[in-house]
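A.B. asks: Handing you this structure, nothing more for now.
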Amino acid sequence: MIKKCILFFLIGTLSVFSQERQPKVGLVLSGGGAKGFAHIGVLKAIEKAGIQIDYIGGTSMGAIIGGLYSAGYSASQIEKIILDTDFYALLQDKNPRRTKTLFEKQHGEKHAVVLPVNKGKIGLPKGVSKGQNVLNFLSYLLSPVDSITDFSKLPIPFFCIATDVETGEEVVINKGSLALALRASGSFPTLLNPVEIDGKLLIDGGVSNNFPVDILKSKGVDIIIGVDVQGKLYNKEDINSVLDVLNQVTSYQMYKKSSEQSKEVDVYVRPQVTDYSVVSFEDSKSILEQGRLAADLHSKTFDSIAALQKVRKPIPQIKTKRVKFLLDKIEISGNENYTRAFVLGAMKISEGDSITAKAISDKINYLSSTNNFQRIDFNLQNTDRGKKLELKVKESTQKANIKLGIHYDLLYESAVLVNYTHKNLLVKNDELTLDFIIGDSPRFNLDFFVDNGFYYSYGFSSRYNSFNTNIAIDDPLLNSMNVQFTDFTSNAYMQTTFDRKFAIGIGLEYKKLKYSSKNVTGANNQPIIFDNSHYFNAISYLNLDTYDDKNFPTKGFYLDAKYTWYFWSSDYLNNFVQFSQIKGKLGFVKSLSPKFSFEYVSDAGFTLGKVASEVFDFSLGGYNQNFINNFTPLYGYDIKSLSDQAFVKSTFNFRYQLLKNHYVSFLANYARVASSVFKNGDFFQDTKSGYAVGYSLKTFLGPIDLKYSWSPDTKNHYWYFNLGFWF
């Protein structure tokens with residue numbers, strides 16, 4: 001009550017002198033994560049009253065809301081931005097799969113845990129997210145004021161608060177890139193990586209000054225409106241865990257300082273948001289409403305302040321309409337280990353394009369998805385013909401990672417994946433990835449790739465793969481035979497990639513194959529060996545992948561086609577002649593409703609010439625998604641139940657999402673396996689069929705699948721189980 005009386009006395013006093021000098025009104029917005037959405041409700045009330053804000057200061061979410069308002073966004077525009085944004089995806093740096101490189105789609109997407117390696121030591125990430133998506137988001141929104149680097153020159157002068165992680169001291173940011181300043185002020189510890197500005201490593205300003213009334217007061221404002229959405233210290237009854245104790249200890253100074261600061265505010269607005277958390281992003285509408293309700297309690301005061309402002313300068317409004325412009329020039333700086341061609345190729349962008357600022361922001365995500373850059377800043381400058389894009393990249397000092405995964409299936413059984421990835425190891429644009437698969441069937445994969453963007457890229461790969469299984473045989477004395485299959489393959493190749501999703505390449509391949517059985521013996525009672533030869537081959541291939549999800553796609557196309565010419569062999573069986581094989585897989589997915597999708601996949605393989613070793617037969621059966629060479633899954637049949645020199649197969653998959661991450665599916669597949677599937681026009685003769693129903697759970701470890709499969713041809717039925725990403 002006393003404070004209100006003082007405020008009205010102040011307003012009365014200022015009104016006497018309003019003819020000489022119009023009072024300056026400052027607005028300070030506290031941090032509070034998602035609770036900061038309440039600031040928008042207060043801003044709408046301030047606009048309704050007609051108050052002109054002369055200076056804004058903020059911390060964390062208060063800085064983001066205040067920064068957008070200072071740049072020229074109205075409260076209603078900011079409200080729409082907030083309601084239309086998926087903050088969980090934004091904070092986790094989740095990008096659509098289309099932003100990933102084809103190399104990442106082929107060799108990544110199989111790891112549950114990623115740990116950085118620095119100076120030979122395995123560490124922990126600085127945050128859950130590097131925050132590039134947040135920076136892209138802010139850079140796009142603030143692109144109309146890119147040229148303003150002095151925040152006092154913004155439509156409404158502005159400053160924000162961050163914290164120096166080395167000293168714990170507050171840092172007032174009032175110049176430079178506005179988007180980067182807001183990103184730094186909102187760098188919530190452990191959630192977002194710190195941001196380096198002017199040699200200082202900065203984290204969330206809430207750590208040092210979450211309600212910067214004192215800084216705003218030093219700007220010469222006469223009336224301060226403060227909106228406080230902070231939490232409060234726990235009562236002893238509410239402290240029930242170690243985390244509660246930790247939160248309490250780390251909050252003493254912050255709340256003590258904020259309590260002192262609130263006494264310096266002329267109009268103190270306190271939305272009732274204590275029932276929400278800093279990550280209650282799904283409650284944005286109700287939090288906005290709490291801001292409006294809190295502002296309504298001060299409506300008369302707002303009207304009185306507005307009455308003092310006789311002269312109001314027009315605030316230029318930012319137009320949200322997406323307008324295309326000519327991308328006249330592109331300047332890139334900071335790229336030492338990655339060429340200009342790599343950067344532009346990753347972004348799918350070039351000079352002369354007709355583009356919007358939003359499209360550029362989206363294309364930054366493509367570059368960010370390579371994980372080669374710690375930070376990517378962009379701004380647009382006008383030229384005589386259009387605009388110049390200035391890209392400033394900060395390459396990641398994190399060159400190496402250890403990635404982990406687990407898997408179980410009925411063929412390879414249990415497996416643990418330990419992956420080592422290293423970038424910039426030998427030359428610019430390179431990446432080395434090495435998989436060690438430890439378990440019942442040890443394996444390894446090595447891939448080295450140099451991505452030259454628009455130009456020809458090249459690489460080398462090598463793998464060792466081995467498994468043993470029982471296969472049915474037509475013998476009156478033996479129903480099945482245990483066989484062991486071992487493959488060692490290496491190839492060198494060059495390829496060109498189009499639009500990050502289609503690749504065409506050629507190469508040379510070395511292959512060592514051994515196919516044997518221990519429980520079936522030959523001469524001298526020795527285990528029989530069907531083949532144990534070295535092969536040299538020439539290869540060419542086509543790859544296309546636009547699926548929106550590797551394991552549960554709802555749209556997109558897929559193509560994996562390979563031609564192999566076997567031109568030399570060590571000839572273990574003494575009957576080798578040159579031959580060729582073509583094998584391909586074509587798929588597409590279409591969403592029939594928000595939860596129902598249909599996927600069609602067609603597989604085919606053909607042999608050109610005479611094959612002496614049955615190791616090169618196309619073998620159908622089983623369900624594994626990590627088969628190699630000429631093995632192909634076929635529901636309703638056991639592994640290698642059908643084998644010959646050619647095949648065609650079609651699979652129809654109807655998938656329905658029951659709940660979030662829960663799926664059921666019905667699958668039908670039909671195949672023909674023969675020495676020549678098109679011979680004499682009998683394409684549909686002896687067609688095999690199989691069906692399956694399944695349940696799948698999407699987890700951070702990868703999909704968990706349980707399927708029941710049967711075939712009316714053989715009356716056989718099988719249960720299939722899979723845990724984790726396929727590798």
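Using the three backbone atoms N, Cα and C, a Cβ is placed for every residue, glycine included.
Pulled these features from TrEMBL for this protein:
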- S60: active site, nucleophile (ACT_SITE)
- D204: active site, proton acceptor (ACT_SITE)
- 27-217: domain 'PNPLA' (DOMAIN)
- 31-36: motif 'GXGXXG' (MOTIF)
- 58-62: motif 'GXSXG' (MOTIF)
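Describe the structural surroundings of these features, if you would.
C.D. replies: Its Cβ taken as reference, S60 (active site, nucleophile) is surrounded by 29 other Cβ atoms within 10 Å in the chains shown. According to DSSP, S60 (active site, nucleophile) sits in a coil region rather than a helix or strand.
For D204 (active site, proton acceptor), the count of additional Cβ atoms within 10 Å of its Cβ stands at 26 [all protein chains shown].
Sequence-distant neighbours of the motif 'GXGXXG' (31-36) (same chain, 6+ residues past either end, Cβ-Cβ under 8 Å): 58-65, 87, 185-186, 188, 204-206, 210-211, 229-231, 271, 273, 276-281, 283-284, 287.
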A.B. asks: Using the alpha carbons only, what distance in Å do you get between D204 (active site, proton acceptor) and S60 (active site, nucleophile) once rounded?
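C.D. replies: Each residue's Cα considered, D204 (active site, proton acceptor) and S60 (active site, nucleophile) end up 6 Å apart.
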A.B. asks: Report, as numbers and ranges, every residue of the chain located at least six residues beyond the motif 'GXSXG' (58-62) whose Cβ falls under 8 Å of a Cβ in that stretch; write 'none' if there are none.
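C.D. replies: Residues 28-37, 39, 158, 160-161, 185-186, 188, 204-206, 209-212, 227, 229 contact the motif 'GXSXG' (58-62) from elsewhere in the chain.
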